[in-house]
Structures are given as C-alpha cells and as structure tokens.
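What follows is a short report on a single structure.
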Amino acid sequence: MSALLELEGVDKSFGALKVSDDITFSLPKGQALGIIGPNGAGKSTLFNLIGGTLPVSSGAIRFDGADITRMPASSRCRMGISRSFQIPHPFVGMSVYENLLVASAFGNADHHDAEAACRDILDVTGLLARANRPAGSLTLLERKRLELARALASNPRLLLLDEIAGGLTEGECHDLVGTIQGIRDQGVSIIWIEHIVHALTAVVERLIVIDFGKIVAEGAPDAVMSDPFVQEIYMGISVDDDAA
Amino acid sequence: MTVTTPTMPAQRTNRIALALRLLLGLVTVALALAPVWAGRADLRLLMEVLSFLALAQMWNLLAGYSGLISIGQQAFVGLGGYLFFALAMFAGVPLLAALPLAALLTALVALPTGWIAFRLQGAYFAIGTWVIAEVFRLSAAQIGALGGGSGISLPVDLARSLAESRGAREVVMYYIAFALGLVSVLLVWMLLRSRWGLALTAIRDSEPAAEAVGVATRKVKFLIYVLTAGVTGLVGGFIFLQKLRITPEAAFSINDWTAFVIFIVVIGGIGTIEGPIIGVIVFFALREVAADWGTWYLIGMGAIAIAVMLIDKRGIWGAVKARYGLSILPVGRVLDAAPPAKPD
C-alpha cells in the first residue's frame, strides 16, 4: 500500500519551546490512525502542521507523493486534507447548510449537486433538522457535529479529527463512532486525536503516542495500550508503584 | 452558552421584512425622482448622503466581511480625486470618462500599496493604511502642477462641459451620486449572493476555519482590498467633481473619509448590508440636528459610538438581525426539502 501522508523529521518550535520534535511517520491509504498523549503533548500542533494552519520549523510533509510543506491550508484542503478543530470554529452568522456549502464550493469536492451532497452529509451527521438554522444557535455538541459535517463537505481523502468525541455522552459517543466507521469504510483515511480511548480503538487500526512533542510509542492499539511505558505517561500509572 | 432564538413568529418577521423592503423600494424611487421634488440645497445634501453610503458600503465590505480594518481609506478618496482632476485638466479626458478611469487607476495603485499593507496584520495593518494615506497626502502637496499644498480648482469651462447651466449640471451630478449609492449597495448584495459571498462571510466569521475548508483567504482579501479601493476612488473623483476644488487636506482627510465612515458602519451594523444604509441615515440626521452645536457635535457623535459599543457592538441593524432574524436584502441560501426548523 502506498503512503497517503508522510511526515519526515518534522519540528515545530515556539521560541525555546519545542512542541513537535522530529516527528516521522507515514499513513498508508485507507488507514485509520489514532493519536493519544497527555494534554499539552503537541497533538493539536501536529494537526496544525499537517493541515497547514502553522508552518513547520523544519522537516517535510508529503501528501500523495507531493511535497506540501510550504503549501497554505486552503491548497491542502483542495488536495483532500480536511480537519475538524478541537474548539469548534463554526461560521456563526451562516446557517448550518451554508457552513457546508463553503466547504463544498471551495474544498476538494467535485459535487455536481452540492445541495444533495450537503443534505446527505447533514443526514449522516444528524444535523438535517438544523440545516437552515444559524450555526451560532447550535449547542456545543451540535457544533462538534458541524465540525465533522463541514470537514466531510469538502470531500476529503484524509480526515483529521481533533477530539471530536470529547464531552459527549456514552450514547452520543457510540453514534459518533458508528458515523466515523462509516466514513472509514468508504475509503477515507483518518487521523484521530482522542482522549476517549475505547472510542478510538473501535475505529483505528494503529496508534501513535506523543509526549513532549515526540513519538514515544507506535503500533497496534492493543499492544500500544498494554505497553507499561505508555501506561505510565498516559494513564499516570507508575509501573513501579503497581509492583510495590 | 447563550442560544439566541427568534422571539417573534416567523410570519410576523416575514411581514416586517416585506414592509421594510417596500419602504426601501419607495425610498429608491423617491431618490430617483429627487431632482423633481428637491430644492438645490436638498439635492446637494442627498449627493453627500449617497456618496457616504457608497464609501460606507465599501468600508463595510473591507472591515465587516474581510476583517481588514483600514483607517486609511482617505488614501483612495484623495487619490481618486486627484487622478480625476489630473485626467480632466491635463490629459483632456472628458469628465464622465475621467471618473471611471480614475477609479481604475486607483485600483491599480492599490496593488502595490496592498502588497505593502498585507505584510502587516490586525492593528499594524490599520496603522499601516493610515501611514500610506499620509504619504499620499504629503506627496500630493509636493506636486506643483496640481497646486501643491494650496490645491487646485477645476476650470469653469471644464465644469461647463458637463452641462451648460448650473441647474442642469447639478442634475447630472445628482444622478452620478444616485448611481454610486445604488450600485454600491447592489454590488455588495450581488457579491454576497455569489460564491464569493460564501467565502467572505466565512472569513468574517472565522478566518482559520475558512482557510481550512479551502478558501484562499489571502487572495480573497487582497482582491476585496483592490476592489474597494477602486470604488472608493470613484467616489473620491465624484466628491471633488462636486466640490470643483481639491486640496491635499480635504482630499486625504482622515476625519471626513474614514472616521465618519467608520462611525456610519459601526452605528448601523458592521458586517451587514443594511447596516451602512441605517448608519448613513443616523449620521446625517444627527448632523442636520446638531449643525449649530460646534464641537459638541463631534463630542456627541463620539459618545454615541461609545454607547453603541457598550450596549451592543453589533450596531443597530446587527442587534435587530440577531434578535428577530430580519433581513431586508437576504443573502442566505436555504436547503429545500429539509424538515422545517423546530422552535426550541
């Protein structure tokens, strides 16, 4: 399988603070990859680098074989990289439907019938009943769903999801996992940052653990989660304490 | 989190919107017929109102939609004015052709000034635009052929080329002003209803998200900067055609061409098409009432601006729109066959 996304030695510093440190990994086409790590580990920064919201300090990013390291976010979106923001950024003055139309009109989408495509996405994400309401009137959970719906409206090949399940109830989380599985099954590659590990492992086939901006573990979800080192940094469980 | 819900039934909102649209239509017709019913002084006032409406629509497009807070739009008013005088007096271009030509040249000059200003962000951009305008003002004062610091008048025979009698000239000028006001509103309205409108409104609401869904925000903003510069230059050319005299101080006045315009947009409702229309009415009503107050008039205006900021910074129309979901010139796109929105 050829790689859809490749990161090679990606560094990002804010002054003396190194928030991404020599990140190297590649994502095969169609794979769903999970990223976990403590708060402040640099997960969202990594998304900002892949999505193009922030420029890298050094290193290279390739998408579908093309070097996108210096490309602005809008061009990356048109190539097929879509993202949801951890803190929702709805276009508050527009309706929910119009939020999707922007992505459909300017993203990678080749929608012959933008209206029908947006209606389908609103249906899948459970926002159809809200279609003509101002996005500013949505609740937090609806705003999170709008993040997903808007990202889908640009017809991505790679979907970056940033803590999309945070703050959801068990039932809502279950529905969301079903939705994301459906997206994955259509062949969209996914990178998902999430703290809710059971939701993540229900979808992804591979996990990367980040701490202090570095990749500290990588592999199949079961193997990664049972790694004592990961348990220590992520769960705060000290292996030595357990033994004692 | 606050959830704003319309407190009026949709039907009543629709009826009010319809009534307001009708009113707007009637006012437009009345304005189209103004030379018939208005006296000379009223006609002059209306020309000024319509010029300011056009300036306000342009500043709103720039600041309200593209997030480019410029406090240097007087650069383009003055440039348009001077270019118009230069084209008419030295290049022998007929007055009515010199206006659009001056606008075009102003837009061309906006390419390099934009290139400089766009290196700056936020407050620095604002200050940068002001500095550019000051450079223009000081440069204009250096050009001897255009009267230097004391300015220059449009020769009478040139003004006569517009129409022989003074009355007829004023009617011609009035219709130019009418066209400027009307076209500025229609231009913004049509722009917002197009694909561009989606991009601009998205940028207004969240620039990072707009960029992330594929809108080339920098390019869009730059084009809007150049477009608004061109139209602002057109209005500038007209303003000084009407005044028949131009000086660097008047042409590049930050008070007249930017501060008052910002006042109009902010009071009326920034980021809405209706806002500048309402703002311009409030501004001129206030000016007529307070004509004899001297400095108190400016102090009062400042106080009103501060009050609007404190009470509701969305301005008059912004507040009305948020509360009642009213729209006189709708730009929204509605998804058909979606279930009707449930009130909750």
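Yeah, the Cβs are placed from backbone N, Cα and C, and that goes for glycine too.
Per TrEMBL, these features apply:
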TRANSMEM  B:62-88  transmembrane segment
TRANSMEM  B:95-118  transmembrane segment
TRANSMEM  B:171-192  transmembrane segment
TRANSMEM  B:222-241  transmembrane segment
TRANSMEM  B:261-287  transmembrane segment
TRANSMEM  B:293-311  transmembrane segment
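The transmembrane segment (B:222-241) is not in contact with the transmembrane segment (B:293-311), judged by fewer than 3 CB-CB distances under 8 Å for residue pairs 6 or more apart in sequence. Same-chain residues lying 6 or more positions outside the transmembrane segment (B:62-88) and placing a CB less than 8 Å from one of its CB atoms are 55, 94-95, 98-99, 101-103, 105-106, 109-110, 113, 117, 122-123, 125-133, 136-137, 140, 145-146, 152, 154, 158, 192, 200-201, 203-204, 207, 220-221, 224-225, 228-230, 232-237, 239-241, 246, 248, 251-254, 256-259, 261-262, 265, 270-272, 275.
Counting residues 6+ beyond its ends, the transmembrane segment (B:171-192) has Cβ neighbours under 8 Å at 28, 31-32, 34-35, 43, 46-47, 49-51, 53-54, 57-58, 60-61, 65, 99, 162-163, 200-201, 231, 234-235, 238, 241-242, 273, 277, 329, 331 in the same chain.
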